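Going by Swiss-Prot, these are the annotated features:
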- Asn480: N-linked glycosylation site (CARBOHYD)
- 1-36: region 'Disordered' (REGION)
- 52-72: transmembrane segment (TRANSMEM)
- 125-145: transmembrane segment (TRANSMEM)
- 213-233: transmembrane segment (TRANSMEM)
- 244-264: transmembrane segment (TRANSMEM)
- 304-324: transmembrane segment (TRANSMEM)
- 327-347: transmembrane segment (TRANSMEM)
- 351-371: transmembrane segment (TRANSMEM)
- 376-396: transmembrane segment (TRANSMEM)
Amino acid sequence: MESQAADYNPASRNLHGSSGEMKLRRRKSRQYVSAQEKRSPRRGLLGENTYLVLFTIALRILNCFLVQTSFVPDEYWQSLEVAHRMVFSYGYLTWEWTERLRGYTYPLIFASIYKVLHLLGKDSVQFLIWIPRLGQALLSAVADIRLYSLLKQLENQEVAQWVFLCQLCSWFTWYCCTRTLTNTMETSLTALALFYYPLEGSRSVNSVKYSLLVALACVVRPTALIPWVPLLFRHFYQEQRKLHLTLHHFLPVGFITFSLSLIIDRIFFGQWTLVQLNFLKFNVLQNLGTFYGSHPWHWYLSQGFPVVLGTHLPFFIHGCFLAPRRLHILLLTVLWTLLVYSMLGHKEFRFIYPVLPFCMVFCGYSLAHLKTWRKAALSFLLLSNVPLAFYTGLVHQRGTLDVMNHIQKVCPRGPDPASASVFIMMPCHSTPYYSHVHCPLSMRFLQCPPDLTGKTQYLDEADMFYLNPLRWLQQEFHSNASLPTHLVTFNVLEKEINTFLTSGNYERAATFFHTHWPERRTGSHIHVYERRLPGRVNTGGN
């Protein structure tokens, strides 16, 4: 397919013309190209307008710094925390690593960054937090540009611009695209792979590149294969040289990629293990992810998908009726992904994030055809998405990150590293851990591993704590010698544990806003309590 496209040249039709005609046409062609070059924007980076590329990169960097809230624990505990342990030899590995459900390939990216910073003597805690996120922001910017380039090939610049605009103003993309989540990496790799996928009209087809990006996405997160099932089957069905495609593209790329993943995991686990198979077995075949919550089958259709799309939803529906038939495969991919994830009990918004760029294609088609209402539609999208993006990025659930900045001040500066200790009495994995403190401070949090033995009445440590917080604390810390110097908790527990705080000589040292939408165990504010000890100066706070 690529060779045919490369060998085709429209000018070859005129090879048998006279020399005079050839000179005349060539002279006109040079004049035409010169005029076009004067009118066309400068091209360079990624084959696109340099200013457009720089604008996108700058926007995603700004995006990175304007997202100062937490979303889900995995953005720290399955990436930065693991990388911190790999490089600095201290950090916490969750139960998924004991069960070998996660692979080291993705954390190795951040571990490499940490190692370089360490060798340069620049491994400050702020660099450890922000540089990995800046890296993800740059990758997301490249994915945005590739989506724009693809639509310009498939349709025209006008449609491409509207798709690009829809992508940039999506509140959920803004909220997620700079986080160190496997879902974010999966989404970026999926968008990049789509650029090289053999869609009708695409001029950037490369089976090796797109299959390599898909394989990498599956190594990072095995469920990344789900959106690609219909796309891979379509490619295989339409390919005339099926055996060549399989033997010379798919199999070599898959073998090399997963062999590299296998070797990396062998080095760090100390034994041969195929984590992708373990991950699929646990989350898909055994459906044990329901330990962390289950939802009805229609949740993605009734809540998940509408929330992720937000106010883009009516334009997505409109665009589905307008898009050409050759792009129906993208709609089929979205529907297939929603169907497969709907069959699993445990559901989260982020699971369907990888198909959001696909949806933006149809939203862009809608806006491109709204001639009369286009300005009103654009104003509606901006006014509804920008405030929501800023609110979720700067306000909602920010306390769990702010409190870690305070805990950094607790890190011992003297020769006695055991002089301070922190107990985080919150729903497990509410906050980041050593990756956001970067000192060997004694810390503890409430554990919540799932039961893999089949017990019917299983309660983890966090469950037992919340049954009766005061009694649990009194039993756990029966002697004053074992009391931690600092306690971190949501404000909803303050009345229940007040007796314990008084008897332990704790006073509130700091308070941080967390959310306007408290629920159950999660409060609106986070309190830090410090134990008053003779001769000790409290760290204080705000």
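Even glycines carry a Cβ here, placed using N, Cα and C.
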Winner by Cβ pairs under 8 Å against the transmembrane segment (351-371), considering only 52-72, 213-233, 304-324: 304-324
Secondary structure of Asn480 (N-linked glycosylation site) (DSSP, helix/strand/coil): helix
Folded-back contacts onto the transmembrane segment (244-264), same chain, C-beta under 8 angstroms, at least six residues removed: 103-105, 108, 207-208, 211-212, 215-216, 218-219, 235-236, 272, 274-276
